[in-house]
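K.L.:
So that we are looking at the same thing, I have put the structure below in structure tokens.
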Amino acid sequence: MSSPLAVLPTRFGTQNLSAGHTMEALRVGLTLVRHGETKYNKEGLLQGQAIDSCLSEAGLQQAEAAGRYLRDVSFSNVFTSDMLRARQTAEKIMQQNSSCLALQMVCDPLLKEKSFGTAEGGRVQDFKEMARAAGESLPGFTPPGGETQEQVKERVRLFLENMLQQMGAEHWPVSGHATASTAAEGSPAEGSPAEGSPAEGQADDGVRGMPVHALVVTHGAYMREAVRYFVEELHCSFPSSWDQSHMFSLSPNTGICRFTLRTAKEGSRSSRVTQED
């Protein structure tokens, strides 16, 4: 049985291990995509988990556009929320990508949207007013029966652990196992991209030539907590030109964000993972 993953911070592909440690590492790309628009999105209504709506006509067009944008990006695995709007988006992307033709889409309930409890089905504006009445700010406000930010981040952590265990088992080179370092040292200064970091704006930024790369289709509030988890819990850094408040804002429909990870085996059964970006 595999041991839990440990996640260690590095920045923009630069990892300096402490002296005396060797690592057999597998680089993994992770591209997160929010689902396309639904009727509820268009009408300003909260969906959460209780409302399993399909994509609107505009949402189908957005998903097709995302597929065209990513058509030449190579994926080795596809994961999606088990909710209809996410599955439809993943299917549209996969249909236009030759690397996905032989892949099986894995539907994972850990990727479901955040639960908004009693606010689901109501107006987003009413949800904001509920938060103000409670003296709390968004996105930290939790309505009755809803999930907290910490609960969503725990789902993110569990998904990441399960995903990397699966991808490691499928794609790890057959060779001996080295003991991994338990810390990353000497990373670049905070907010400073490492030399040679990829330029922004290309569909395959950061994953060009990377054979192990997962497409993950999920939801807006979930993606926001996933990004927060990578930055705040795993200490991912980002270029100084980026606005942190914008980075933690809600992604638009079919918005994309990407991370690269480095997972390393320790002995014959456990894994360590380091974050690159």
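Using N, Cα and C of the backbone, Cβ positions are placed for all residues, glycine too.
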K.L.:
With TrEMBL as the source, which of 141-173, 174-206 is set down as region 'Disordered'?
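P.N.:
It is 174-206 that TrEMBL annotates as region 'Disordered'.
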K.L.:
For Gly36 (substrate binding site) and Glu113 (active site, proton donor/acceptor), what Cα-Cα distance in Å is obtained after rounding to a whole number?
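P.N.:
Counting only the Cα atoms, the answer is 13 Å.
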K.L.:
10 Å Cβ neighbour count around Gly36 (substrate binding site)?
P.N.:
28
K.L.:
Same-chain residues six or more away whose CB lies under 8 A from the CB of Glu113 (active site, proton donor/acceptor)?
P.N.:
Gln47, Gly48, Gln49, Ser81, Met83, Thr218, His219, Gly220, Ala221, Tyr222
